[in-house]
């Protein structure tokens, strides 16, 4: 560890799970497995959504965006974590920490905006079915996706700069397995009340507001579904919404526990656990939820396999 003065740090120490060394190898196996499953599952969703013409719809366009977010999300955290779990020196370079901090914030904020966009798509499909193709046209879907990415990455620039400009006075040990804002704020040797207030405000805007919009959308969706006469129609409508609601519950539940719950003696362990779900478990579960519960995706996989087998004959 070396630096030219107290304010210029070349690398940070990530404590990860050093207080429980017996957990490191089992966690390494779990995270490596999660990483492989996430890469495979999300890549498959992207592939089948692009190759099957029947899935060229707004719903699967937004699902493809979600899969891209999840692929980037887990890639910006897990490889470094795997290296540190099997290394005596659990460090990350200053540049790597900056990139990880920025990407973790940007991808999380993008998903926060994309999930209510996906609920809007389901609202129009179920509550305004006759106008669906007119409202959710290709250009509008592209604009919604672009706005989600721009807002997410723009918000990350603001919060990252506010966090990184704080003086650390030579503090370089991060009690976490990744570089994220609350853990980085603890390194500062000045009062961070203003930064914590800004983080709280941003969390309300990006977590509670989108979640409220989603719940309002699904209140109208539930009313519309209950008016459907056939049991098969109701089951199909609930099926297309159920996967999204599970994803929303996992994502926002862990995000709120990370950023909005008041601090407690166990808050650091709670943050680590929440970060695991937020950045690792959730990206792994998303493709499993959408493929296991979605009949259209299953049928698309079958058609794709048949096409591959026929081309080999």
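Here the Cβ of each residue, glycine as well, is placed from N, Cα and C on the backbone.
Caution: TrEMBL annotation is automatic and unverified by curators.
Same-chain residues lying 6+ beyond the ends of the transmembrane segment (27-48) with a Cβ under 8 Å from its Cβ atoms: 17, 55, 63-64, 67-68, 70-71, 74, 78-79, 81-82, 85-86, 280-281, 283-284, 286-288, 290-291, 297, 300-301, 304. The feature transmembrane segment is assigned by TrEMBL to 27-48 (among others).
The annotation domain 'G-protein coupled receptors family 1 profile' is assigned in TrEMBL to 41-290. Mean pLDDT across the domain 'G-protein coupled receptors family 1 profile' (41-290) comes to 87 in this model.
A Cβ distance under 8 Å defines the sequence-distant neighbours of the transmembrane segment (60-81), meaning residues of its chain 6+ beyond its ends; these are 14, 16, 31, 34-35, 38-39, 42-43, 45-46, 49-50, 92, 96, 99-100, 103-104, 107-108, 110-111, 114-115, 117-118, 121, 141, 144-145, 148-149, 177-178, 247, 279-280, 282-284, 286-287, 290. Annotation source TrEMBL lists transmembrane segment at 60-81 (among others).
Per TrEMBL, the feature transmembrane segment maps to 101-120 (among others).
Here TrEMBL flags 140-161 (among others) as transmembrane segment.
The transmembrane segment annotation in TrEMBL covers 204-226 (among others). Long-range contacts of the transmembrane segment (204-226) within its own chain (CB-CB distance under 8 A, at least 6 residues past either end) are made by residues 108-109, 112-113, 115-116, 119-120, 122-123, 126-127, 155, 234, 237-238, 241, 245, 248, 252, 255-256, 259-260.
Outside the transmembrane segment (238-261) by six or more residues, the chain places 59, 66, 108, 111-112, 115, 118-119, 122, 125-126, 182, 199-200, 203-204, 207-208, 210-211, 214, 218, 221, 225, 267, 270-271, 274-275, 277-278, 281-282, 285-286, 289-290, 293-295 with a CB less than 8 A from a CB of the stretch. The annotation transmembrane segment is assigned in TrEMBL to 238-261 (among others).
Per TrEMBL, the feature transmembrane segment maps to 273-292 (among others). With a threshold of 8 Å between CB atoms, the same-chain residues lying at least 6 positions outside the transmembrane segment (273-292) that come near it are 31, 34-35, 37-38, 41-42, 44-45, 63, 66-67, 69-71, 73-74, 77-78, 104, 108, 176-178, 180, 243, 246-247, 250-251, 254-255, 257-258, 298, 301.
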